[in-house]
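A quick write-up on the structure given underneath.
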Amino acid sequence: MALAGAGSQLRTLVWSACLCVLVHGQQAQPGQGSDPGRWRQLIQWENNGQVYSLLNSGSEYVPAGPQRGETSSRVLLAGAPQTSQRRSQGGPRRRQAPSLPLPGRVGSDTVRGQTRHPFGFGQVPDNWREVAVGDSTGMARARTSVSQQRHGGSASSSVSASAFATTYRQPSPYPQQFPYPQAPFVNQYENYDPASRTYEQGYVYYRGAGGGMGAGAAAVASAGVIYPFQPRARYEDYGGGGGEEQPEYPAQGFYPAPERPYVPQPQPQPQPQPQPQPQPSDGLDRRYSHSLYNEGTPGFEQAYPDPSTDVSQAPAGAGGTYGGAGDPRLGWYPPYAANVPPEAYVPPRAVEPQPPFRVLEPPYLPVRSSDAPSQGGERNGAQQGRLSVGSVYRPNQNGRGLPDLVPDPNYVQASTYVQRAHLYSLRCAAEEKCLASTAYAPEATDYDLRVLLRFPQRVKNQGTADFLPNRPRHTWEWHSCHQHYHSMDEFSHYDLLDASTGKKVAEGHKASFCLEDSTCDFGNLKRYACTSHTQGLSPGCYDTYNADIDCQWIDITDVQPGNYILKVHVNPKYIVLESDFTNNVVRCNIHYTGRYVSTTNCKIVQS
């Protein structure tokens, strides 16, 4: 009986506990509808193979008006990953700094300019589903609100809190410092003209770095603390009043230029005929010498006046002070200022044409032979002299530069000697016609001895331009014996003259060499070599030919002992233009004994 009574009491207690739990649950049902934690809305979407869910505990529509402090809503973003890979603790988090309210900026404007991007660059308002269009107070309140607490981490890695979704609609503990009205949110598909951006005087602007600096700046701003960065200079600081004030100096427009009056070009005055040059007292012909020979010479300027110094002036009645104003290329341009007096146009000095464009009278042609040519030959030689010799380069008349070859007489005098060699060792030189005519006779053998007068040669280009070969590059001749190209037919003439009569006693030859910069003075660079495409002689450089190379000689096998004159002539036919042709010849006195030679009195002469 006792056990039966105890069992019945135990059953009674169990049923009483269940009834209490049931009654308590039924009493909690009426308040469930007002639970702020209840999820009322669910939005799902898929991105990159992952399904996301947006849960909202608030109502879908919020009426316009002041926000009630006792109500709050929660927004939760949940993602369900498709793969089994688990992320770090807390799941993926979106970090986004709340935007600061900028006066005059539309809600959809981006930082870069007026271009509207649909919900891009973090410019979407936080309450885009809760604030009605046209409610400026709600927009300002939503944009200035700062998140105070975040949703705690969930046990599931697929549920994460968003920076903009975990904001509780609670009143801020700090008073709002910037109650400026904001422009309402504008639909991104609506055609509108964005308002011009202006800056207010009383507003304090803050600058924040990327990341969470924006949130920190907003929190400090809401607390009334000035951020420790200097504000950027506003447009008003430079004198611009938002477009209301006119600038002190208006912008200069484009106005048509006034027409230039036409003035006929003055007719050139006839030049007087040059008088014949007075005969110099020393007997030297200086018509083709450098200009330094004529400086300070009385009577030279009168005999050969400079046409560039005689500038014809316009007549007084032909347009006043406007010289050649009809043509912009030749005339006068009006000044920009109206009060500046016009200046007369002064034409540039006429540049003296370089050879062979200018013809001098009387013509002059150096004669290599002692025999006087005929009358017709003089006429033909005069025409040839006009084309080949040309004028002298004068650097004071803005003309182009020309080379100037000068042989070294001391170099020739220091190393002249006699050599005897067998004909079989001179085969390469024989191919280039560097021997006397008796070496090519049928009775000549390889064991015949040839007597050679050897001497070196060093030529300097002391002009202002490169001395280049006259032959085109594709016509240069290749010599297999010497293994180089010959770029000129006649670079130098070597002659042996009789000291008493001046007649040529040894057959000179036409030396054809390849041009190169052997050595250069200090400050000049070597730019040419004896190759197939870079032959020439630079200014300030020397082309040196030692006495032991082929063809650097005169064959004197048939010459008797005696006194002679060695003549070395550079650029003998004046094929390449030079600024001075009077310094191309070197003469030396030679005393030949039959076994050796002595060289004296080497100097530069005219011919």
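Here the Cβ of each residue, glycine as well, is placed from N, Cα and C on the backbone.
Positions annotated as compositional bias 'Low complexity' by Swiss-Prot: 82-91.
In this model, the region 'Interaction with FBLN5' (334-402) carries an average pLDDT of 48. The feature region 'Interaction with FBLN5' is assigned by Swiss-Prot to 334-402.
For 403-607, the entry in Swiss-Prot reads region 'Lysyl-oxidase like'.
Cys428 (disulfide bond) has a Cβ environment of 15 other Cβ atoms inside 10 Å. DSSP assigns Cys428 (disulfide bond) to a helical segment in the three-state reduction. Among the features that Swiss-Prot reports, disulfide bond is placed at Cys428-Cys434 (among others).
Look at Swiss-Prot and you will find Cys481-Cys530 (among others) tagged as disulfide bond. Following the DSSP three-state reduction, the secondary structure of Cys530 (disulfide bond) is coil.
The Cu cation binding site feature in Swiss-Prot is assigned to His482, His484, His486; the stated evidence is sequence analysis. Non-local contacts of His482 (Cu cation binding site) by the CB criterion (under 8 A, 6+ apart in sequence, same chain) comprise Cys428, Asp550.
Its own atom aside, the Cβ of Cys520 (disulfide bond) has 17 Cβ atoms within 10 angstroms in the protein chains shown. The disulfide bond annotation in Swiss-Prot covers Cys514-Cys520 (among others).
Around Cys541 (disulfide bond), the same-chain residues at least 6 positions away in sequence with a Cβ under 8 Å from its Cβ are Lys460, Asn461, Asp517, Ser518, Thr519, Cys520, Asp521, Asn524, Lys526, Tyr528. The disulfide bond annotation in Swiss-Prot covers Cys541-Cys551 (among others).
In this structure, Tyr545 (2',4',5'-topaquinone) is part of a beta strand by DSSP. Annotation for Tyr545 (2',4',5'-topaquinone): same-chain Cβ neighbours under 8 Å, separated by at least 6 residues, are Pro456, Gln457, Arg458, Phe513, Gln552. Taken from Swiss-Prot, the feature 2',4',5'-topaquinone applies to Tyr545, supported by similarity to another entry.
Positions annotated as disulfide bond by Swiss-Prot: Cys588-Cys602 (among others). All protein chains considered, the CB of Cys602 (disulfide bond) has 22 other CB atoms within 10 Å.
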C-alpha spacing of Cys481 (disulfide bond) relative to Cys551 (disulfide bond), in angstrom: 12
Chain-internal residues, separated by at least six, CB under 8 A from His484 (Cu cation binding site): Trp478, Cys514, Cys530
Distance from Cys588 (disulfide bond) back to His486 (Cu cation binding site), taken between C-alpha atoms, in Å: 27
Where Cys481 (disulfide bond) sits in the secondary structure, as DSSP reduces it to three classes: coil
Secondary structure at Cys514 (disulfide bond), reduced by DSSP to three states: coil
Residues near Cys481 (disulfide bond) in space but at least six apart in sequence (CB under 8 A): Arg427, Cys428, Glu431, Asp550
Spatial neighbours, same chain, of Cys588 (disulfide bond) - Cβ under 8 Å, 6+ residues apart: Pro409, Val412, Gln413, Thr416, Ile565, Leu566, Thr599, Thr600, Asn601, Cys602
